């Protein structure tokens, strides 16, 4: 009698399932086979359109805030300030601080349902999330068209309208987790970092071309025609997506434990007629759960310890290191951009991300754990460069040091995608979308907090100590370096064979 040995280790079971799934994909005809090749041209066009419209849209927002700011001043004071400042009136610290505060409030609304949408992609597919993104971007571009119009009846409130729409649909915030989830579905864990590098390269090339193309078109044909061209590009992407094969495994369902709990809850609720107060409380709890629940995956012990997860604190350290880096970068880059010019920051901010793809392309295929260690090393390299970029400014305190700081910071811009690659290897395959969405929720909360704090610091100290926000950013970035090194230490002193 023969027996079939089945692996008892959950990691081995997952590896076998992954191998069977990838073998099945290879048997499909090319036009039905999900692959990163489908993603690259779409993301190139999308990132080019986003880059082209990014800086003009930011200037539109500042112009709207500026107009509202001076409209609320006493008439005599407004006339004196406008005549004294002339064309530079919208670049004054008070106006920029007001724009930063508005931007932070807008960002707070945008992060409401990120986790919900990305979790739904684990059940209904990645294309649903991408189509949702494209529809939102089309509607947002139409609002930008309204912003550019002289007959904007909403004033700064149009930005809140745009934010509410993004909050309900999560907008372009989820395009990265959607693309990363697509890659995770159709790529082995050992090669995932390289494949994600291709995605990052597509983003980088588009975000490099986009600002230059957008700046040229905005000055030659105007902002409104530029917005129309971007909308046409979005519709072209929607048409192209109809031919992209879905990457999610068919038949993905909720775990039996979750399903049993939901059935028990529904059965209990059907027997009791709730009061109005309990209904309102339930709605409030449901709303809070929508925001907080995705983050529970980072609670120590939420993902069991295994060969790839050396400690119950592994995911907690991933979250801590990433968010400290996001907090420092969000605050300092907001004002660095406005001091050295948005065109430089917008055109080069994502270019170095392709360095990870080019570097890992020449490495031999590695095991899952070794690939994760490499990604963590890239993250530590990136946040260390980000810290050094701030130190350069604090040491020299000159306008030229801002350009040097921007260049150094760009060299480490792949730290975030590196940690996203680590995250996809730490969580079960059926939770990849939810985990990446949870990271987006955390990013939204952290970015909003950074804008609020740095906006207040900038408004208070811009006249006396204009570099104060850099000291805060340096301290937070140093903590991110420490968290990244602690995460690397969890995996011991393993050497990677190159």
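From the backbone N, Cα and C atoms, a Cβ is placed for every residue, glycine too.
TrEMBL assigns the feature transmembrane segment to residues 378-404, out of the candidate ranges 351-377, 378-404, 405-431.
Residues 310-311, 313-314, 317-318, 320-321, 324-325, 327-329, 331-332, 335, 369, 372-373, 376-377, 379-380, 383-384, 386-387, 390-391, 393-394, 453-454, 457-458, 461 of the same chain, all 6+ positions outside the transmembrane segment (468-491), place their C-beta atoms under 8 angstroms from a C-beta of that stretch.
Remote same-chain residues near the transmembrane segment (35-53) are listed as 137, 141, 144, 172, 175, 179, 182-183, 186-187, 195, 198-199, 202-211, 213-214, 217, 226-227, 229-230, 233-234, 236-237, 240-241, 244-245, 346-347, 350 (criterion: CB distance under 8 Å, separation of at least six residues from the stretch ends). For the transmembrane segment (223-244), the residues of the chain that approach it from at least six positions outside its boundaries are 31, 34, 38-39, 41-42, 45-46, 48-49, 52-53, 56, 60, 127, 130-131, 134-135, 137-138, 141-142, 144-145, 148-149, 214, 217, judged by C-beta separation under 8 angstroms.
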